Amino acid sequence: MTYCNKSNQTSYPFILPDLPYDKESFKPHFTPETFDYHHGKHHNAYVQNLNNLLKDKEELQKKDLEEIIEWSSQNSNAAIFNNAAQIWNHSFFWHSIKPQGGGKPSGKILEQINKDFGSFEGFCEQFKQEAVGQFGSGWAWLVYHDNRLQIIKTANAGTPIANGMKPLLACDVWEHAYYIDYRNKRPDYVDIFIKHMINWKFVEDNLIK
């Protein structure tokens, strides 16, 4: 099973994917400098690290990124897992956001949100609580699991695909995601994420596929 074709990569050596938009287009909420560091340095470092870790592991070189995440999780190889998962998580995150995004969705995703959270406002409140409440580095996710939407958080490089959960939306709450523009104000960043950044088409596409 492939969880997300936009996040998965088929084989070694892995590459840094291009951003699916112009980094200038998130002004005034985010400066291009944030993307220069977050994408160009942090995400790229995970790619380089994973390629170095796999350079002498021919069997793993034949696996796609999601298979490497599964293998490293089952075999307790933290170094490979952390870098592979962070590549996948970041690739998924870049598609979870878009310029002039956010706000209230429509269609099937709104129907499911209303069913599972009572209202869109209820979803926003719970998502913000989980994202802000993640202690230290990590991620907040909207997933579809056990036939319903759930909001979960993962620490560090944790990813829902390692636990068989279907991710729909990711919010990066590592400090490198927001510190240049928001310093230590994670609640402000999460507010902006919900109101102005979520790519609801991507979320719905993940739900219905």
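Keep in mind that glycine also has a Cβ here, set from the backbone N, Cα and C atoms.
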Problem set entry | According to Swiss-Prot, which candidate in HIS38, HIS145 joins HIS90, ASP172, HIS176 at the Fe(3+) site | HIS38
Seminar exercise, completed: Within the same chain, the residues at least 6 apart in sequence whose Cβ is under 8 angstroms from that of HIS90 (Fe(3+) binding site) are HIS38, HIS39, HIS42, HIS43, TYR46, ASP172
For this session: Drop a 10 Å sphere on every Cβ of the binding-site residues HIS38, HIS176 and tell me which sphere holds the fewest other Cβ atoms.
Result: HIS176
